[in-house]
Amino acid sequence: MGSQPQNFNHPYSPYDIQLQFMRALYTCLEEGKVAVFESPTGTGKSLSLICGSMTWLREHKRKALQDTVNKASCSAGDDDGEPEWMLEFAKRESARAVTEKRRALEARLEKIKVEEEKQRHAHATDHPGEARKRQRLDTSSGDPGQEQDDQFILDDYDSDAEERITYSKKLGDISGLSTSTLELLERFKEQFSASAEDETGHEDDDVKIFYCSRTHSQLSQFSSELRRVKMPSSMPAELSTSDANTDDAEERVKHLTLGSRKNLCINPKVMSLGNATAINERCLELQQPGVAAEKRCPYLPSKEDEGQVLQFRDHTLATIKDIEDMGKLGKRMGICPYYASRSVLKHSEIVTLPYPLLLQRSARDALDLSIKNHVVIIDEAHNLMDAICNIHSVTITLSQLQTALSQLTTYARKHKARLKGKNRSYIAQIIRLISSIADHLRSTIGENLPAEGAVDPSDLMAGKGVDQINPYKLSRYLQESKLARKVDGYVEFSKDKNQQSDDKPSSPVLFLVQSFLLPLMNPSAEGRFFYLKFHDDIQLKYMLLDPTNHFREIVEDARAVILAGGTMSPMSDYRNHLFSYIAPSRLDTFSYGHVIPPENLIAHTLVNGVLGSEFDFTYDSRDSEKMILDLGRTVAMLCQAIPDGVVAFFPSYDYLSRILAIWRKPLVGEKGQTILSLIERKKSILYEGRDMGAKTEDLLQEYTRTIDSGQGALLLSVVGGKLSEGINFSDKLGRGVLIIGLPFPNIRSAVWQAKIQYVEQKTYNSSSGSEKDRLSIAKAAGKDFYENACMRAVNQCIGRAIRHRNDYAAIVMIDRRYEKANIQGKLPAWIKQSMLRRSVRRPASALAADLSNFFSGRSSG
């Protein structure tokens with residue numbers, strides 16, 4: 001590989017660890033690797049990702065363009081040995097053609113950028129939220145009484161047809177659009193490709209960067225960082241045909257943010273449905289065959305809107321836009337940004353999108369999104385494995401099954417005379433299958449069984465006549481017949497007709513049931529079924545236990561895959577599970593230090609309390625009242641040594657409640673004092689409750705106000721709760737972080753027993769040696785997987801503090817198990833380095849003295 005850039009076009013003077021990060025990233029992209037990057041929050045990770053990847057991309061494009069021009073000149077020289085001047089002329093002409101296309105595009109985009117700036121100022125006091133009026137009627141469900149019953153009748157269905165190749169297969173999973181709409185989208189795709197090819201010179205296989213994060217909020221922050229960056233042109237200097245006054249080096253970053261219909265829909269009546277599934281289905285309903293033109297969505301691009309879609313494309317590329325900007329642009333232009341954004345995709349360099357749109361095959365197909373030979377970067381990837389499993393898991397309750405059964409039975413009875421052979425047969429099969437599942441759940445409620453447990457799928461399908469069902473054919477019928485859409489549409493129509501509608505949109509229950517039936521009839525070796533009893537209902541869940549195969553198709557398609565996060569440790573899960581099939585030479589892991597100087601962090605374990613109790617928060621010992629009281633006195637002492645804000649993380653809400661109950665009790669011989677009152681002498685106490693939801697923000701504001709008032713505050717939080725992820729406790733909000741115990745998942749739960757059993761079995765099957773050795777290796781793999789789940793949660797809590805170069809904090813891990821080498825080995829590198837400097841075990845009083853010395857003389861801010 002050639003030499004790398006010096007500073008990777010970083011907008012500031014990069015720190016040494018940022019340079020290390022960008023160099024490693026550049027190399028991984030160039031060599032087509034899969035890599036895991038850990039860089040603590042506050043180290044400028046986002047800019048490092050942007051600058052490292054975009055610098056590589058522009059250099060890659062420059063080389064590709066040079067090769068294209070060279071090949072063109074070689075082709076010209078193939079005819080009877082053309083003279084040198086002719087070859088040079090061909091080379092210049094090829095370069096000129098590309099240069100002119102790029103220059104024309106940049107000029108158009110610059111003009112749009114200036115226009116948008118003017119519009120922003122002009123419309124500051126206007127009505128920017130209003131959609132531009134289209135020359136079509138606004139969509140509406142109309143007067144329900146005028147709806148024709150025909151729209152709810154299923155099309156004839158032939159499950160034995162050999163070929164069912166439709167436009168929806170070509171365009172992805174967007175079944176339900178009318179044939180004309182599908183043809184239109186296909187035609188647009190071809191026309192946009194052709195016209196844009198002429199305008200920009202982009203090729204279909206131009207490498208792109210797909211940047212993925214968990215939420216649109218995180219993606220918006222990334223977009224803000226992207227606006228800071230200016231990249232050199234991908235045009236080789238020797239190919240430039242411009243004069244001295246023309247700056248060919250000006251080439252803006254071409255960015256597109258993708259979102260779901262729920263994020264991008266601009267149709268008020270569809271948006272008002274609120275529920276994502278309902279929005280998706282109503283959108284498709286408005287495009288179905290037979291829907292009158294005036295009833296269709298007026299914002300869906302039509303053939304006459306081709307020019308407008310191209311304008312939308314250019315407006316999108318002119319400036320960096322987040323998801324809100326895309327919605328506003330669609331409203332201003334009166335065109336659906338969800339569909340119009342497809343015209344932008346091909347011409348983008350960097351595409352941002354949330355987890356579900358990348359990680360779900362059906363979502364990628366719906367967007368016509370190919371990642372073949374492109375770069376995939378997944379940020380905030382510490383929970384990637386869980387996210388993949390959750391996306392491909394489905395939960396349903398007995399009450400929802402009963403509702404779906406009632407709706408389906410009513411629909412079948414109402415349209416009995418008009419349902420022909422195959423439709424009638426399959427609907428009867430679905431009713432039998434749902435009844436079988438519901439019967440099993442009802443019997444589970446009645447039996448003296450644990451609150452949760454595993455379910456054998458054969459038990460769910462043991463009902464009368466279910467054994468005669470062909471799972472493959474019924475699965476295909478559910479996916480292709482649009483039954484759920486027809487039934488849910490009929491239910492809504494009936495409610496409106498009978499004036500039973502309310503303002504609250506209903507969730508399409510049959511779609512949920514359908515999504516559950518598909519894995520039930522096509523069981524995966526990586527999935528399991530579980531039940532959970534609660535209140536007067538029972539929940540049934542299909543859970544994906546292993547994300548490997550679902551992510552594998554992304555890894556095998558992409559040129560390179562990068563996982564990045566502030567706390568990616570422990571790393572072994574990626575090597576042993578998610579990427580177990582990858583050759584070691586293709587997989588790299590990197591863990592970088594912090595930008596703070598070493599003296600700004602003190603990290604320590606604490607084994608004994610001020611009264612001498614050994615802190616052992618294992619399941620068998622954690623309820624010791626003596627230990628919990630000693631913990632309270634120790635926390636009080638630590639709060640005296642640590643200024644401003646301290647955040648303490650407990651293993652669970654239940655255990656925090658147990659501790660608070662003991663801390664509220666009057667202490668013997670201390671005149672009514674409690675542990676809480678002892679702590680409150682030092683700091684005000686606030687705590688995170690279960691299911692706080694929107695109240696979390698109020699809690700944080702109160703915590704901040706208390707600290708700003710000079711009182712100091714202790715915030716009692718829970719690992720895995722709202723405050724343990726995504727919340728920044730920078731500066732005086734997080735001068736101290738206390739981790740009480742280790743938050744191991746409940747090993748007795750059916751889910752975790754299944755997970756560990758799966759890991760052990762998979763490891764056993766892939767290992768070699770004697771039976772004893774294979775069993776030992778399998779047990780060790782299960783133990784490691786279980787510990788990693790715990791330590792990943794711990795590391796997330798630790799990462800809440802130290803958010804920038806000048807920040808400083810103390811981190812205290814309270815439990816004897818934190819002394820173990822295998823546990824410390826799973827901590828982030830920057831924490832381990834701090835602990836090595838203070839490797840001697842310290843009693844609580846000595847640690848408090850160390851903390852006092854650490855904070856003395858430091859100015860709070």
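Just so it is clear, glycine is given a Cβ too, placed from its N, Cα and C backbone atoms.
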With Swiss-Prot as the source, which of 75-78, 175-178, 379-382 is set down as motif 'DEAH box'?
379-382
Are there residues of the same chain, six or more positions away from Lys45 (ATP binding site), whose CB falls under 8 angstroms from its CB, and which are they?
Phe21, Phe37, Ser39, Asp379, Ala564, Gly566
The number of other Cβ atoms within 10 Å of the Cβ of Ser39 (ATP binding site), counted over all protein chains shown, is 28
State the residues, same chain only, that lie 6 or more residues beyond the ends of the motif 'DEAH box' (379-382) and have a CB under 8 A from a CB inside it; answer 'none' if no residue qualifies.
36, 45-46, 49, 211-214, 218, 222, 563-568, 792, 795-796
Tertiary neighbours of Thr43 (ATP binding site) (same chain, Cβ under 8 Å, six or more apart)
Tyr15, Ile17, Gln18, Phe21, Tyr592, His594, Val595
Other residues near the ATP site, CB within 8 A of the CB centroid of Ser39, Pro40, Thr41, Gly42, Thr43, Gly44, Lys45, Ser46?
Ser48, Gly566, Val595
Three-class DSSP secondary structure - Thr41 (ATP binding site):
coil
For the motif 'DEAH box' (379-382), the DSSP helix/strand/coil residue counts are 2 helix, 0 strand, 2 coil
Let me know how many other Cβ atoms fall within 10 Å of the Cβ of Gly44 (ATP binding site).
22
